[in-house]
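What Swiss-Prot says about this one:
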TRANSIT   1-76  transit peptide
TRANSMEM  85-112  transmembrane segment
TRANSMEM  153-177  transmembrane segment
TRANSMEM  186-206  transmembrane segment
TRANSMEM  257-278  transmembrane segment
TRANSMEM  292-312  transmembrane segment
REGION    316-321  region 'Important for transport activity'
MOTIF     316-321  motif 'Nucleotide carrier signature motif'
TRANSMEM  352-372  transmembrane segment
């Protein structure tokens, strides 16, 4: 059974949100892609290889964008039978729910810090957060400990449609952009990766984007605010949909969608560009066979690409926050310019530190859950990305 299922390292590598984790989430998270050569050689782990590099590739989940483009480790029904597929699909859902729920407090803090300026402008936050610790303590003090999981339900729910959509789209885009690096050359392969990742990611994103919108609005619905007399703006997931549709229509649920699609391509371009530039330089000789060297390289590349593309995640979420408000950004470009002009470049990276912590927490819990599956069921089941 172990040869048919990835180890925890590969499963963590495919996660995210991490993911989105712009994920958020990512490398091989985009359906139908050719993985870099290093991740396919030298380290035998069943049908997967080089666990070190793949593990750290998972640690940056830039939320829905990366997560929606993740490949599906539970195989399609025609490949292994409906019963086995259903079992893996459901167990993957439990795995995703466990890892997302464990990391939810850090994820909410990340979103609060990232979007605090929009909340202040809307009168829904009294004063800025001084950092991760201050955000944690104020949230617990004002809303209670359980409030750290606000918005997590929507985040868990979207796993299932995301996985189903990945089944529908990944094979199509794989056939459409099936370039090989050794056969077609680097640039065709590189462009094919961007196109297939962007196409598959955007297609899935179209169907589940509103859930990430709802999750973002719920997570940023701080209780202690001047507006509303200290009450909440939304009563729950359904209320987010109801109020947004009433005030902004369907467009309100998709605010920031275009820049989210761009983010998929930007992250992939940064990831593969950094990988092909650094791998031949750093992983040479004995280092090529080193698990820890490949782990370090994967960590460096994933977090480097994630940090460089983080402003896109900030812009899209800041745009989400304007649905239902009187003043909105005219476009993602307008949002980017206004944030830079009024708040400075640092504002585009607010919450990035918490995002890295969230990825580590999610990966650690997933590792423990994988061990539990082996103890209880005697095998490892497919893990859910997204």
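Cβ coordinates come from backbone N, Cα and C, glycine included.
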In the motif 'Nucleotide carrier signature motif' (316-321), how many residues does DSSP call helix, how many strand, and how many coil?
5 helix, 0 strand, 1 coil
The answer for the region 'Important for transport activity' (316-321), taking Cβ pairs under 8 Å and residues 6+ beyond its ends, is 111, 114-115, 117-119, 122, 213, 216-217, 220, 255-257, 259-260, 263, 328-329, 332, 335, 339
Mean of pLDDT values spanning the region 'Important for transport activity' (316-321)
97
